[in-house]
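Asks: Would you mind keeping the following structure in view while I ask a few things?
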Amino acid sequence: MDPENHTRVSEFFLSGLTTNHAVELALFTFFMVVYVLIILGNILIIFTIAHDQHLHSPMYFFLSNLSVIDVCHSSVVMPKMLADFLVDKKSISSEGCEAQMFFLHLFACTEIFLLTIMAYDCYLAISNPMHYGTIMSRKMCLQLATVMWMRGLMHSVSLTALTLSLSYFGPSAIDNFFCNVPLIIKLACTNIHVLEMLLVATSGLISVVCFLVLVTSYVVILVSLRNHLSEGQHKALSTCAAHLTVVTLFLGHCIFIYLRPAKSLAADKVVSVFFTAITPLMNPIIYTFRNEDMKNALRKLCRRQIDSQDK
């Protein structure tokens, strides 16, 4: 199409999860509860780690970062999804769509790097406990956190800029409940083959490589240490098992969405729900109920609150 003879799309129309109004009301109630639990659960983790001196270690520093990302990640999509359950016209402005894409990729890519850092931290805690404190110093943790946020920002800026550089003058219907790069570039009035390949080469391959590296590292840990674990290493190994569950849930979505051409599949919405709602909800549950230190810290926090109320 000739850009001079057409007006750029000013808003996009989302298909949502369903068109049945009764089902939408039920989903609104369900996902409202999920969203509240995500916010409360992750904030509780952040608060507990900040107020318990025993949790001031690299492992829990990165866990608090994960909770921050989960709150932000879910807040990019879920408020809009909840609002759309209550209206017939599910539209989003082009500026709102751009913001969703930018922040979605910022937090998703940062979380991928964070999960990789957490795997490295877990590996060091188990394989080299004597030098763990020296290697993972406070300065090193801050440097790793800075790098992961900067890399996430660079990835999001570059991918969003490439997406916005395309021309959008034609269709404006998005077959999902939020804006995502693979869905948006399908609507471009230009050839998107190069951008599709770039998307696979960046987001897709990054997800696959990180997933394989993480799984391989855990296999190596299990094989080398299964017969001689100290109590501290048992705790670290338990955390690693929880971490591997989170990695599988999160990176599984990224691999499914980004390691293929930009087209809609029936399973996309289900996978997207896990990505935006279920995984951020599972993180506080997994890291709390599978971690004795976190459970003990929560008990102490509850006792402290009860004692303060009694006084």
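One is the number of the first residue shown, and numbering goes on along the chain from there.
Each Cβ is built from the backbone N, Cα and C atoms, and glycine gets one as well.
Feature list, courtesy of TrEMBL:
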TRANSMEM  25-47  transmembrane segment
DOMAIN    41-287  domain 'G-protein coupled receptors family 1 profile'
TRANSMEM  102-126  transmembrane segment
TRANSMEM  147-169  transmembrane segment
TRANSMEM  205-225  transmembrane segment
TRANSMEM  237-259  transmembrane segment
TRANSMEM  271-289  transmembrane segment
Asks: Short question: most Cβ pairs under 8 Å with the transmembrane segment (271-289), which of 25-47, 102-126, 147-169, 205-225?
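Replies: Most Cβ pairs under 8 Å with the transmembrane segment (271-289) come from 25-47.
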Asks: Looking only at residues six or more beyond either end of the transmembrane segment (102-126), which have a C-beta under 8 A from one in the stretch?
Replies: 58-59, 62-63, 65-66, 69-70, 72-73, 76-77, 132, 135-136, 144, 147-149, 151-153, 155-157, 159-160, 178-181, 203, 206-207, 210, 213-214, 217-218, 221, 225, 229, 232-233, 236-237, 239-240, 243, 246-247, 250-251, 254, 275
Asks: Cβ under 8 Å to the transmembrane segment (25-47), counting only same-chain residues 6 or more beyond its ends: which ones?
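Replies: Distant Cβ neighbours of the transmembrane segment (25-47) are 17-18, 63-64, 67-68, 70-71, 74-75, 78-79, 81-82, 85-86, 277-278, 280-281, 283-285, 287-288, 294, 298, 301.
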Asks: Same-chain Cβ contacts of the transmembrane segment (205-225) under 8 Å, 6 or more residues past its ends?
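Replies: Same-chain contacts beyond the flanks: 109, 112, 115-116, 119-120, 122-123, 126-127, 233, 237, 240, 244, 247-248, 251-252, 254-255, 258-259.
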